[in-house]
Amino acid sequence: MQHNVLILDFGSQYTQLIARRVRELNIFCEIFPFDKIPTDLSIYKAVILGGSPFSVRSEDALHPDLSEIRGKLPLLAVCYGAQYLAHFSGGEVAASNTREYGRANLTYIKENETFFENVNLNSQVWMSHSDSIKKLPTNGIKLASTQDVENAAYKIEGETTYAIQYHPEVFHSTDGKQMLENFLVKIAQVPQNFTPNAFVSDMVAELKEKLQDDKVVLGLSGGVDSTVAAVLLHQAIGKNLYCIFVNNGLLRKNEFQSVLDQYKGMGLNVKGVDAGDRFLSELAGISDPETKRKTIGRVFIEVFDDESKIIENVKWLAQGTIYPDVIESVSVKGPSATIKSHHNVGGLPDYMKLQIVEPLRMLFKDEVRRVGATLGIDAELLGRHPFPGPGLSIRILGDITPEKVQILQDVDAVFINGLKEHGLYDKVWQAGAILLPVNSVGVMGDERTYEKVVALRAVESTDGMTADWVHLPYEFLMKISNDIINKVKGVNRVVYDISSKPPATIEWE
């Protein structure tokens with residue numbers, strides 16, 4: 001695959017959004033840590049430097065080696081990147097009189113600049129910095145200003161180097177995508193050839209070449225990612241793909257058999273393994289979220305390994321890993337830190353001695369769905385909401401018991417079926433219920449009750465990197481609340497989670 005654009009990560013919360021905006025232009029891009037620049041740059045057509053929570057003026061400033069990039073490849077420096085180029089190339093960066101966060105407008109744009117084609121004066125941009133460029137670097141030419149930031153954008157004469165102090169990737173920068181397109185397509189002349197059809201064609205060919213006649217084993221989860229990965233691999237190697245669908249006892253109500261039947265109907269070579277009792281036994285008494293995740297991961301590997309050994313001469317383990325999994329799980333030296341262990345990355349024990357193949361690891365969730373549609377996968381299956389690998393275990397706060405799982409499965413079924421019946425399911429990116437570790441007082445009939453509280457969660461998102469809570473109709477929430485309390489024994493109170501990501505995560509654990 002042609003890696004057309006290289007994005008260097010300095011720890012900004014917005015780095016992944018840069019990648020999303022670039023992908024929306026049908027341009028492939030990849031994120032690398034600032035201190036792990038690929039040695040072979042011949043496959044890249046342009047480079048983007050991201051933002052950072054660090055200051056270029058501090059002792060712990062992050063220093064990329066741009067010796068093979070600067071002046072040799074088209075370069076766009078965003079925020080910290082723009083300040084870095086200025087500070088270490090003859091310019092001056094100083095602390096701003098006031099910290100500049102939020103909306104601003106371009107009050108000056110240099111005429112006849114390709115970077116600002118189809119961008120009007122007063123275009124809104126998003127600022128997020130506490131330093132400002134007081135003096136441009138050597139050969140710097142000012143391209144744009146805001147009311148408070150004189151050098152909001154500049155270029156370096158004699159180079160294809162551009163720099164901006166705002167964030168074009170953020171939604172609030174109304175012409176940000178246009179600026180990225182101007183830089184990548186018109187200035188850097190990057191081809192716009194990263195499409196679902198092209199990906200399928202390239203990946204199937206790549207898998208055929210890599211796997212040859214080797215046997216591959218894949219753990220199916222019922223979700224979109226592993227399903228699309230399975231169909232891609234099936235197209236490439238056919239009967240040499242062996243799929244295992246493990247029931248960990250923490251799936252949605254009646255999901256194991258219905259999904260297993262779907263897989264068989266798609267022609268996949270799949271075996272269903274019901275290990276629910278084993279998982280629940282191992283989880284008994286565990287309340288800590290990380291311990292839950294790791295226990296589920298360990299038991300899954302044990303079950304999966306037992307089943308894999310039945311298949312002779314397996315050489316590869318396939319996984320449905322996607323790009324946000326990789327981004328959230330990799331700790332980058334300096335700016336980044338792992339928030340929580342991710343259920344789709346890592347955990348493979350050495351004794352399995354299988355090589356890893358991850359056909360989707362460079363795709364965002366919405367791209368996976370488009371690839372699935374290209375592969376002809378049923379729209380209903382592709383439209384399934386994301387569901388965490390640890391299943392309902394991380395939606396049961398506190399310890400896990402079969403009784404709690406049953407309650408949550410019933411609550412979840414009422415909620416999800418209600419969304420479908422009211423035409424709301426496809427308007428929501430992800431939805432589910434959370435069983436809280438508290439009881440509340442209620443009244444049913446003439447009796448006082450002291451029963452469980454559940455929270456409902458519904459979010460809208462593109463790829464799970466950020467998410468907003470969905471404004472479900474009050475009438476719908478009222479009906480679902482009543483249905484849950486009336487139909488699910490042991491629940492007497494329902495609340496609705498209105499937190500966005502960030503600062504909250506989509507899942508509660």
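All positions are counted from 1 along the displayed chain.
Cβ coordinates come from backbone N, Cα and C, glycine included.
Annotation source Swiss-Prot lists domain 'Glutamine amidotransferase type-1' at 4-193.
Look at C79 (active site, nucleophile): DSSP puts it in coil. What Swiss-Prot records for C79 is active site, nucleophile.
The active site annotation in Swiss-Prot covers H167 (among others) and is backed by sequence analysis. The Cβ of H167 (active site) has 24 other Cβ atoms within 10 Å, all protein chains considered.
Look at Swiss-Prot and you will find E169 (among others) tagged as active site. The Cβ of E169 (active site) lies under 8 Å from the Cβ of Y14, L17, I18, R20, R21, V78, G176, L180, each of which sits 6+ residues away along the same chain.
Feature annotation from Swiss-Prot assigns domain 'GMPS ATP-PPase' to 194-384.
The ATP binding site annotation in Swiss-Prot covers S221, G222, G223, V224, D225, S226, T227. D225 (ATP binding site) carries a helical DSSP state (H, G or I).
In this structure, the C-alpha atom of S221 (ATP binding site) lies 37 angstrom from that of H167 (active site). If you measure from the Cα atom of T227 (ATP binding site) to that of C79 (active site, nucleophile), you get 39 Å. Across the fold, the C-alpha of G222 (ATP binding site) and the C-alpha of H167 (active site) stand 37 Å from each other. Compared over the binding-site residues S221, S226, T227, the count of CB atoms lying within 10 A of a residue's CB peaks at T227. Within 10 Å of C79 (active site, nucleophile), counting CA to CA, the recorded positions H167, G223, V224, D225, S226 contribute H167. In sequence order, L220, V228, A229, G320, R384, F387 are the same-chain residues whose CB sits within 8 A of the CB centroid of S221, G222, G223, V224, D225, S226, T227, the residues recorded for ATP being left out. G222 (ATP binding site) is surrounded by 21 other CB atoms, counting those within 10 A of its CB over all protein chains shown.
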